[in-house]
Each structure stands twice: as structure tokens, then as C-alpha cells.
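Structure first, commentary second.
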Ligand code: NAD
């Protein structure tokens, strides 16, 4: 089911290029000559994945791994299994990872991968075969010092476990640091599964304070109730807010008195979607965007907040759990209407931050407690959003442009100091 015809016209790579164009005038003269390095992907690999299905037939799938920029360190970015995955989408997602790791000052570049597949249509054995073949095909491009995948839409810790096992089998020894978001007993990190939703909450609370929005009085609407959306929903409810609407790929539910998040999590676990949840009414997908709400959390796919939807939004604060949920024209509408957007490259960076912690733990074979991880995550994210807020105040620009200024300066300074090979 597509969310809307408008949203499907969105070109994520073009949206990313627009964001780079918008930040360019703010960048210092000495790094201006290097800006074009942000407008291209360093490497892109397209792979054919022939898989023997359970019925004995052979199906071909197409997979991708893109390394957008490696100026600041190894590539880092998730693997998406979704029918809409294509090269342009993966390029945009890898570029956003470049910006995100730099905005958080993590020692990584940006990468992303994916397979054009609906994982719900495959059996567990087929999914495992697909994952193992994909890992072997992108094997020459990944590695703990080179490029480190992680979960994204449609992938999970089990899939990361299969990737780690396949890569290790090829190398002939266990290489835990080749992927993050793994199961705990395979070198995964405590706190990783909930980290992205936690980061959405932490950055949301910080910005809410700055715009005098009291969380406990807030109505929250969430699109996407997976890893990111459901954890953010849980934390906002715990802080006293009411989750009044949730939309996922099965439909939209609404209850102005609040939807109990844990109950909905259990329901979604058993029913594979929010549709039919008994303690809320079903509304049309388009009505979701005009509901009374204080905070909107897009936590599904790209391109959901169009200029038209932005015109009618009642939210005061948008927390971008998803990557690239807002069209550049909608950014302009929100700026005009005084709606504050905490951009994806900061808001959903909790996941990559704990992935960084996981990688560090794997490298040193020394593992931290969940309390330690959450404390470090909270500190890093609070500092990052404070820097972005300060930059947006100093430059009188949106939080997105401010985050891009900080990130692009770091990336381009690294490029400048490394120089251009062969010189
Ligand atoms: P997920 O697969 O766990 O959940 C995705 C959710 O989106 C599900 O509730 C699904 O029903 C919903 N969805 C899918 N198609 C939809 C549609 N057409 N209309 C409405 N809802 C739809 O994925 P996730 O890991 O929660 O990722 C969600 C977003 O957050 C993605 O943009 C992803 O790139 C981004 N993100 C995820 C992480 C992470 O650590 N998982 C980190 C950073 C950013």
C-alpha cells in the first residue's frame, strides 16, 4: 500500500542535493572548492542475487551497497529490505549517513545498502539464503575498517547475525565488528535496539524546552510503529504525553484520549500492523496529517511531509525519526509557519551512535552496561542538538541547515587536509 501519490513522486537524491545547495553559501571560502565531493557517491555496487526458493524455483533479486563518502573514516549505514529500494534511494540514504556521522562527530563516513524485496513474502530460510548471498556479493566492499552495515527498514538483529557469520566464514575467523545491531551474544551492544527511538525522544525533549513546549501536555502523532516509532512512542507516553494517532503500512488509528503504547506494541507483534486495534478508531490515511497534534514523528519512509501536508499541519514540533521524511519545499512551509523540525541527521542518530559504541566494544572485546551506554548516548545527543540549536540561532537558519553547516565543515575540512590523490 502506498501512503500517497504525492509522496511517491519524491526523489530522495534530489532532496539531498537541494539540502547541499542550501548549506553551500554558509561554508567557509577555503572549503568551498571541495563541495562537489558531497554531490557524488564515492562507490556504488549493484549485485544480482539468484536465490533457490523453498519450492525449488530460482528467483533473482537486485541488491546495492553505496559508499557515499569516506573522508572521515570507514563507511557506516544500514541495510534496507523493501520493495521500493533502488539505487537512487540507497545513494540518498548513504549521503544522509555521511552528514549524520559528521553531525554527531563520529569517526565514520556514510554508506547504505539494500535489496529490492518484500521480506514478509519470504520464508525464514529464503531470507537467510538471500542475506548470505548478499553478504558474499558485497563482501569485497565491507569490513570492520572499511564499511560496517547495520539494520534499517525490514532488517533486524538476526539478519545482522547472518551477515556477520557469512563474512566470518569467508574470512576463516570470527569478525564481530563487520556489522552492528547484532544479537547480544554475537558481540551486539546493550541498548542498540532502542537507541534510535531514544535519540528521537532525547533531542525532542531538548528542543521542546527551547520552544517552551511542555511534553506532558502534548498530543503526539506517529507514522511508523516499528523499531524507531514504537520506542519513541513509549518514551513520550512515559514522559506524560498522549499518543493520539499511529499510522503504519496497514492503516491509521486514532484516539484523542491516548493510545496505550505497550498494548499497541503487543497487538502489532501478533497482528503485524495497527489495523483493527480495538481501543482506537480507524481513520483514513490522509486524515492523519490534519489531526490536532503538538508533536509529529514521521518514523516510516522518505518523502511523507509534502508542502501541501505541511500547510495543514497543526504540529508545533516535527521529530524526524525516519530518514528524509520532509520534502525541501515542505521545509520552507514549516519555516514560514513557525513549525520547528528536528532534522533526521540529528534526531535519528541515536542508532548510529550506539552502533559506534558497539563497534568500539567489538574492537576492544570489552562490553559496557546498558546504563553506561544510555548515559554516553544521552550526553552525546544532548551536546549535538545544543550545538545545532546554537548554530541555527547564530546563523538565523533552520535546524536542518545548521546541522548541515556543522557536518559539511567537518567533512570538507577532512577532505582538504587529506588532499586529493594523486595530488
Ligand atoms: P521498521 O521496519 O522497524 O518499521 C517501519 C515502520 O514503518 C513499520 O511500522 C511499517 O508498518 C511502517 N511503514 C512501512 N511502509 C509504510 C507505509 N507505506 N505507510 C506507513 N507506514 C509504513 O523500520 P525502522 O527501523 O523503525 O525505521 C523507520 C525509519 O527510521 C526509516 O526511515 C529508517 O531509515 C529510519 N532509521 C532507522 C534506524 C534504526 O536504527 N532502525 C536508525 C536511523 C533511522
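Including glycine, each Cβ sits where the backbone N, Cα and C put it.
TrEMBL: automatically predicted annotations, no manual curation.
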Problem - Per TrEMBL, member of 355, 364, 365, 369 binding substrate alongside 76, 100 - result: 355
Completion exercise
Within the same chain, the residues at least 6 apart in sequence whose Cβ is under 8 angstroms from that of residue 196 (NAD(+) binding site) are 227, 228, 231, 321, 348, 350, 351
Problem - Candidate with the highest Cβ count within 10 Å, taken from the recorded positions 76, 100, 112 - result: 112
Exercise for the section: Can you check which residues sit near residue 355 (substrate binding site), meaning Cβ under 8 Å from its Cβ, same chain, 6 or more apart in sequence, and list them in order? Expected result: 76, 148, 150, 180, 181, 189, 192, 195
Exercise for the section: From the binding-site residues listed here (76, 196, 227), select those whose CB sits under 6 A from an atom of ligand 1. Expected result: 196, 227
Exercise for the section: Would you give the longest CA-CA distance, in whole angstrom, between residues of 76, 100, 355, the set recorded as binding substrate? Expected result: 13
